[in-house]
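If you check TrEMBL, you get these features:
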type     : residues : note
DOMAIN   : 37-286   : domain 'G-protein coupled receptors family 1 profile'
TRANSMEM : 20-44    : transmembrane segment
TRANSMEM : 56-75    : transmembrane segment
TRANSMEM : 95-116   : transmembrane segment
TRANSMEM : 136-154  : transmembrane segment
TRANSMEM : 196-221  : transmembrane segment
TRANSMEM : 233-257  : transmembrane segment
TRANSMEM : 269-288  : transmembrane segment
Amino acid sequence: NETQVMYFILLGFPTTGELRLLLFSALLLAYLLTLLENVLIILIIQNNHSLQKPMYLFLGNLSFLEIWYVSVIEPKMITDVLSHDKRISFQACMAQLHFFVTFICTEYVLLAVMAYDRFVAICKPLRYPLIMKHRFCAQLIAACWMCGLTTSSIKLSFIARLSFCDVAKINHYFCDISPLLNISCSDPSLAELVDFTLALMVIMVPLCAVVASYICILVTVLKIPSSQGRQKAFSTCSSHLAVVILFYSTTLFTYAHPKLMYTYPANKLLSVLYTVVVPLLNPLIYCLRNKEVRLAMRKTLTCRR
């Protein structure tokens with residue numbers, strides 16, 4: 001039964017009638033809003049000299065990353081809701097998996113870099129301009145992308161070697177690692193081990209860096225004598241902390257457990273959170289909770305008028 005699979009069938013979400021049309025409309029609206037929000041943030045950062053700081057350089061790269069992050073998954077997911085032909089070719093599936101893993105791993109590391117930026121800004125304010133120079137920030141961003149690309153390439157090299165039964169049905173709405181491991185006809189133990197090891201490294205190392213940064217930030221903030229000073233210091237990183245909690249809490253369970261856990265239908269719904277909901281909320285969190293971004297947006301809109 002082991003043959004060269006030409007395509008997979010994405011089972012997606014079993015819906016009928018009006019519910020299918022409602023789901024299509026909701027997903028399409030969420031995708032368009034996510035694109036609009038992130039493009040708006042990039043334009044605001046580029047057009048306002050007050051936001052030409054390392055913190056907003058990282059934020060602009062996060063918005064750029066999430067534009068591609070959602071574009072790899074959501075267009076296919078949206079069209080499959082109304083389409084009866086849910087096939088995806090083997091090459092397209094591997095390409096989707098490669099780009100998705102690259103973007104999600106890059107975001108893990110980028111969020112850790114943003115936490116380090118806040119650590120330097122609050123705990124070492126006098127040395128901040130010397131440490132966070134433009135060249136160093138560019139090197140950190142490049143390192144984030146290299147980490148994501150390397151991790152994805154290693155994982156894909158093991159998964160692409162697996163054999164799949166004809167015709168392979170993926171119980172998911174996109175090509176993810178665990179569903180592919182579950183439908184493999186060959187022994188996936190080595191690919192599963194590599195995936196699990198790299199997932200722990202890419203998730204836990206940045207997570208430890210984030211936790212360590214915020215512990216240092218908390219200790220420094222508590223030493224500030226005035227409550228107004230403490231509130232002002234912590235407000236500079238509250239947006240990032242909210243994004244970190246959202247992203248890590250929704251992805252940690254999915255990518256740090258054995259593949260058999262992915263057979264539960266609840267995990268498919270959990271995936272919707274970090275592929276649709278979290279990218280939609282992230283720009284709103286930065287805009288609503290960040291005073292500088294709100295002022296720059298207001299200034300930009302006023303100048304346009």
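Including glycine, each Cβ sits where the backbone N, Cα and C put it.
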Taking the transmembrane segment (233-257) as reference, which of 20-44, 56-75, 95-116, 136-154, 196-221 has the most Cβ pairs under 8 angstroms?
196-221
Any contact between the transmembrane segment (20-44) and the transmembrane segment (136-154), i.e. 3 or more CB pairs below 8 Å with pairs at least 6 residues apart?
no
At a threshold of under 8 Å on Cβ distances, which of 56-75, 95-116, 136-154, 196-221 pairs most often with the transmembrane segment (269-288)?
56-75
Should the transmembrane segment (196-221) and the transmembrane segment (95-116) be scored as in contact, given a threshold of at least 3 Cβ pairs under 8 Å and pairs 6 or more apart?
yes
Average the pLDDT scores across the domain 'G-protein coupled receptors family 1 profile' (37-286) and report the rounded value.
86
